[in-house]
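Data first, discussion second: the structure below is written as structure tokens.
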Amino acid sequence: MSLKAAQNQSSPAGPSSDSSKALYGGTSTRRITVHDIAAATERGEKWPMLTAYDAMTASVFDEAGIPVMLVGDSMGNVHLGYETTVPVTMDEIALLSAAVVRGTRRAMVVADLPFGSYQEGPVQALRNATRLIKESGVGAVKLEGGERSHEQIRLLVEAGIPVMAHIGLTPQSVNAMGYRVQGRGEEAAQQLLRDAKAVQDAGAFAVVLELVPAELAAEVTRTLHIPTVGIGAGAGTDAQVLVYTDMVGLTGGKVPRFTKQYANLRKVLGDAAKEFADEVVGGTFPAAEHTFH
Ligand SMILES: Nc1nc(=O)c2c([nH]1)NC[C@@H]1CN(c3ccc(C(=O)N[C@@H](CCC(=O)O)C(=O)O)cc3)CN21
Ligand SMILES: CC(C)C(=O)C(=O)O
Ligand SMILES: [Mg+2]
């Protein structure tokens with residue numbers, strides 16, 4: 001049970017009383033909305049979120065029941081070969097978001113607003129978020145920053161665009177902050193709490209907490225009524241998100257310590273490629289059953 005669930009113990013239904021409604025494992029096949037996410041959090045359910053960047057992978061996760069899919073700007077690192085998320089463009093996010101929407105029937109698809117697409121101010125944020133809603137068909141957008149982004153969040157929400165916020169480590173600011181744990185020390189912890197309250201007050205429906213101490217993430221989770229989505233933030237958040245290529249062992253090189261590898265697809269893909277190559281060189285592929293006369 002999540003920490004927020006403990007607060008909801010007094011609700012008449014009690015936590016997870018009707019499993020058919022569950023965000024993960026439920027029976028509903030229609031597209032999940034922000035209302036479903038709020039209701040699940042109210043019931044005390046913990047829920048999973050994964051990144052996806054293409055229709056095929058998204059359909060696998062959709063069929064597995066993953067209720068929320070993030071078209072993360074981590075596509076810059078894992079799919080486009082950039083060092084950071086900073087160079088990712090609106091065109092890249094728009095294209096891959098449309099693919100993820102086409103590959104899913106049930107999941108709510110959230111698209112990251114990339115660096116430079118909302119920092120100029122609320123009007124720029126609204127223009128770019130509107131494009132992702134209209135052109136790509138996503139259900140919500142995500143942007144980085146707490147107090148510093150509250151005006152952008154407010155305008156988007158007023159315009160009818162659900163916003164997921166993202167505080168703690170904000171990778172688009174890597175040039176200023178590096179990849180360090182955030183919220184360590186009393187002053188930084190107070191700032192994180194202010195950021196969390198600012199995004200909730202601005203109308204965000206959820207907030208990602210990236211790379212913050214578990215005790216602080218749990219405190220934020222208890223303080224807010226909107227769900228917290230942790231990545232490197234311990235077990236006390238309402239939801240958890242991972243970059244899917246980290247989860248399946250596909251990412252090359254160094255991965256953050258907070259990721260857990262549930263498969264080794266890098267080895268599976270490499271072995272399949274070698275076997276194919278060996279058979280081509282050895283003349284055993286194609287065989288009779290792959291051949292037309
Ligand atoms: N493949 C991938 N996985 C991710 O989780 C991810 C991306 N890419 N790209 C966008 C951001 C960048 N992220 C990162 C990148 C590096 C660290 C990192 O080096 N963390 C250190 C801990 C640092 C500390 O102790 O202060 C680590 O060893 O995990 C963390 C998150 C998370 N996101
Ligand atoms: C790691 C998640 C939260 C993200 O922002 C991304 O994948 O871009
Ligand atoms: Mg991101």
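The backbone N, Cα and C atoms fix where each Cβ goes, glycine too.
Annotated features, as they stand in TrEMBL:
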ACT_SITE  GLU210  active site, proton acceptor
BINDING   ASP73, ASP112, GLU144  Mg(2+) binding site
BINDING   ASP73, SER74, ASP112, LYS142  3-methyl-2-oxobutanoate binding site
COMPBIAS  10-20  compositional bias 'Low complexity'
REGION    1-24  region 'Disordered'
### Message
Here's one to test understanding: among the recorded positions ASP73, ASP112, GLU210, whose C-alpha is closest in space to the C-alpha of LYS142 (3-methyl-2-oxobutanoate binding site)?
### Response
ASP112
### Query
Got a sec? Which of ASP73, SER74, GLU144, the binding-site residues, have CB under 6 Å of any ligand 2 atom?
ASP73, SER74
### Query
Inside 8 A of the center formed by the CB atoms of ASP73, SER74, ASP112, LYS142, which other residues of the chain have their CB, for the recorded 3-methyl-2-oxobutanoate site?
THR51, LEU70, VAL71, GLY72, MET75, THR85, VAL88, ILE93, ALA111, LEU113, PRO114, HIS166
### Message
I need the CA-to-CA distance for SER74 (3-methyl-2-oxobutanoate binding site) versus ASP112 (Mg(2+) binding site), whole Å please.
### Response
9
### Query
Could you give the Cα-Cα distance between ASP73 (Mg(2+) binding site) and GLU210 (active site, proton acceptor), in whole Å?
14
### Message
If I take the alpha carbons of ASP112 (Mg(2+) binding site) and GLU210 (active site, proton acceptor), what is the distance between them in whole Å?
### Response
14
### Query
How big is the Cα-to-Cα gap, in Å, between GLU210 (active site, proton acceptor) and GLU144 (Mg(2+) binding site)?
10
### Message
Given a separation of at least six residues and a C-beta threshold under 8 Å, show me what packs close to GLU144 (Mg(2+) binding site) in the same chain.
### Response
HIS166, ILE167, THR170, PRO171, GLN172, SER173
### Task
Using DSSP reduced to three states, classify SER74 (3-methyl-2-oxobutanoate binding site) as helix, strand or coil.
coil
### Message
With the Cβ atom as the reference point and anything under 6 Å counting, tell me which of the recorded positions (ASP73, ASP112, LYS142, GLU210) are near ligand 3.
### Response
ASP73, ASP112
### Task
Quick one: of the binding-site residues ASP73, SER74, ASP112, LYS142, GLU144, flag those whose CB is under 6 Å from ligand 1, and say none if nothing qualifies.
SER74
